[in-house]
Amino acid sequence: MQPLWLCWALWVLPLASPGAALTGEQLLGSLLRQLQLKEVPTLDRADMEELVIPTHVRAQYVALLQRSHGDRSRGKRFSQSFREVAGRFLALEASTHLLVFGMEQRLPPNSELVQAVLRLFQEPVPKAALHRHGRLSPRSARARVTVEWLRVRDDGSNRTSLIDSRLVSVHESGWKAFDVTEAVNFWQQLSRPRQPLLLQVSVQREHLGPLASGAHKLVRFASQGAPAGLGEPQLELHTLDLGDYGAQGDCDPEAPMTEGTRCCRQEMYIDLQGMKWAENWVLEPPGFLAYECVGTCRQPPEALAFKWPFLGPRQCIASETDSLPMIVSIKEGGRTRPQVVSLPNMRVQKCSCASDGALVPRRLQP
């Protein structure tokens with residue numbers, strides 16, 4: 001079985017390290033990049049005294065402030081626990097099948113999905129069938145199996161998203177595993193009542209040519225109705241109870257921070273008026289609450305580290321952030337004018353326990 005971890009990505013915020021406190025240098029660097037400047041502009045105090053922020057500029061700034069509280073950047077958290085869901089195989093055509101999984105109440109409340117694994121049982125190819133296809137080279141005796149998530153929209157139209165794809169040999173048999181974590185993440189974003197999880201499995205030839213033209217048709221997967229349920233498609237859901245392994249929310253301001261403090265969000269005020277580089281340049285805001293993630297995270301059992309060898313230790317990170325709208329002064333053609341900019345991922349909204357290597361979920365498109 002090929003490892004499933006190759007498609008997992010490391011999620012990194014523009015902070016020095018996950019959950020680390022935002023510094024003035026990082027804020028300055030983000031602002032320079034947003035304005036495509038190499039250095040802080042030189043502005044005279046006399047120019048600033050005559051500068052008036054127009055109503056439409058301030059309205060744009062306020063609108064960005066309001067929007068930033070609803071449009072957040074999200075990260076992925078780690079988890080553990082195991083559930084198995086049996087699915088139905090509905091044949092669409094010779095090489096394409098639709099898997100249907102009833103998912104309601106399959107994911108425990110207050111839990112985080114770590115990984116979803118689709119297991120399909122590849123049936124042995126009869127020797128007579130292999131003989132009819134003649135002598136197949138190792139390359140021509142392979143087929144590509146692709147798994148897509150199928151979404152049925154309210155208007156009845158369908159949309160598919162590629163989830164996983166791999167090559168299988170027609171000479172092999174047994175269980176094949178596919179990482180379908182992203183499909184379950186998409187399903188979780190659907191509005192209620194949620195439809196079943198629909199996975200479309202396609203078997204296609206890898207190469208063109210007479211030897212490979214029909215080899216992919218030899219790849220068959222066991223369907224519902226197999227003797228005693230053996231070999232029917234399975235969906236494994238690995239989750240972690242956030243009550244034991246998650247963060248606690250905001251830190252208790254009355255409690256002292258210790259090495260054993262559970263991961264939490266701590267207030268941290270960034271005073272822009274006290275930063276020399278912001279003088280005469282940053283008009284709004286005078287400062288802001290950035291927050292930082294502090295504390296430690298409970299580590300999963302050692303057995304889990306064996307299953308996911310490429311995941312590092314769990315740590316307290318910023319899993320949801322907001323942008324920071326600002327009004328800055330820009331000098332063009334001898335005139336100074338105000339301009340609204342928005343710096344992404346500047347304010348921590350939520351802290352979570354996560355592990356390096358966890359999947360970054362994509363947003364579900366309309």
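Cβ coordinates come from backbone N, Cα and C, glycine included.
Owing to the predicted nature of the structure, the values given are computational and were not obtained by experimental measurement.
Between Cys293 and the candidates Cys251, Cys351, Cys353, Swiss-Prot records the disulphide bond with Cys351. Cys263 (disulfide bond) and Asn158 (N-linked glycosylation site) have their C-alpha atoms 41 Å apart, to the nearest angstrom. Using a 10 angstroms CA-CA radius around Cys297 (disulfide bond), the recorded positions that qualify from Asn158, Cys251, Cys316, Cys351 are Cys316. DSSP assigns Cys297 (disulfide bond) to coil in the three-state reduction, placing it in neither a helix nor a strand. Cys264 (disulfide bond) counts 19 other C-beta atoms within 10 Å of its own C-beta, drawing on all protein chains shown. Taking Cβ-Cβ distances under 8 Å and a sequence separation of 6 or more, the neighbours of Asn158 (N-linked glycosylation site) in its chain are Leu150, Arg151, Val152.
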